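Asks: Here's a structure for you.
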Amino acid sequence: MAQLFFRYGAMASGKSIEILKVAHNYEVQQRNVLLLTSALDNRTEVGEIASRIGLTRPAVAITDQDDLFALIDQQDDIAAVLIDEAQFMTKEQVLQLTHVVDELNIPVLTFGLKNDAFNNLFPGSEALLIYADKIEEMKTLCSFCGRKATMNLRLNDGVPVYQGAQVQIGGDDSYLPVCRRHYNHPDLEAIARRSQDSGFTAAAEFK
Ligand SMILES: [Zn+2]
């Protein structure tokens with residue numbers, strides 16, 4: 001029986017590279033996968049799943065108007081559906097995915113953030129936490145210490161911000177994976193040092 005999976009993690013927890021890996025594993029067995037991502041994500045190209053280690057793949061860019069059941073039902077011979085940036089889906093779309101799993105018997109693997117930069121659930125993540133058959137956390141370390149990062153600190157021009165729009169697309173210079181303690185008390189000197197450098201390349205530079 002197919003299942004609906006939700007793998008969540010903070011920024012830079014390896015979600016995109018995991019999707020590319022899973023896709024590869026299917027394809028070496030001559031099985032087709034359908035890759036979807038959010039049209040909101042324009043960090044590289046719209047309709048591209050890009051990992052931090054440089055691997056990229058095209059994906060179908062979806063908006064909150066798309067009927068995911070219809071989209072997937074139109075495909076021929078799909079062994080699995082892989083979805084990046086799943087937090088941006090609507091509840092209706094998550095319900096459509098449950099029908100894909102239950103009626104079409106196609107496994108759906110979704111990957112995304114759980115909480116936004118202000119520690120509210122994203123709509124897609126909230127629905128996935130309720131409806132997914134299997135939920136797994138993908139772990140990454142806090143940018144400032146060795147604890148697990150469970151939150152994402154948003155930076156605007158290097159300054160932590162604690163209010164604003166839920167959706168603000170950005171990469172490693174805009175968000176840092178952090179533990180709860182460092183979400184509330186980020187190391188401002190480390191942030192300042194880092195923003196003076198040529199750029200943020202990896203959270204590990206903080207350590
Ligand atoms: Zn920390």
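Every residue number used here counts from 1 along the chain in the order it is shown.
Even glycines carry a Cβ here, placed using N, Cα and C.
Below are the features I grabbed from TrEMBL:
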type: BINDING; residues: GLY9, ALA10, MET11, ALA12, SER13, GLY14, LYS15, SER16, ASP84, GLU85, ALA86, GLN87; note: ATP binding site
type: ACT_SITE; residues: GLU85; note: active site, proton acceptor
type: BINDING; residues: CYS142, CYS145, CYS179, HIS182; note: Zn(2+) binding site
type: BINDING; residues: VAL167, GLN168, ILE169, GLY170, TYR175; note: substrate binding site
Asks: Tell me which binding-site residues (CYS142, GLY170, HIS182) have a Cβ under 6 A from ligand 1; sequence order is fine.
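Replies: From CYS142, GLY170, HIS182, counting a Cβ under 6 Å from ligand 1 as near, the near ones are CYS142, HIS182.
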Asks: I want to verify one value. Collapsing DSSP to three states, which class is CYS145 (Zn(2+) binding site)?
Replies: coil
Asks: Can you name every residue in this chain, apart from CYS142, CYS145, CYS179, HIS182, with its Cβ inside 8 Å of the center of the Cβ atoms of the recorded Zn(2+) site?
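Replies: After dropping the recorded site residues, what remains is LEU141, SER143, PHE144, GLY146, ARG147, ALA149, VAL178, ARG180, ARG181, TYR183.
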Asks: Any same-chain residues 6+ apart from LYS15 (ATP binding site) with CB under 8 Å of its CB? Would you list them in sequence order, or say none?
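Replies: Result: ARG7, GLY9, ASP84, PHE111, GLY112, MET138.
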Asks: Identify all same-chain residues not among VAL167, GLN168, ILE169, GLY170, TYR175 whose C-beta atom falls within 8 angstroms of the centroid of the substrate site's C-beta atoms; report them in sequence order.
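Replies: Same chain, not in VAL167, GLN168, ILE169, GLY170, TYR175, Cβ within 8 Å: ALA117, ARG154, SER174.
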Asks: Return the single residue from the binding-site residues list (GLY9, GLY170) that has the minimum number of other CB atoms within 10 Å.
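Replies: Checked GLY9, GLY170; of these binding-site residues, fewest Cβ neighbours within 10 Å: GLY170.
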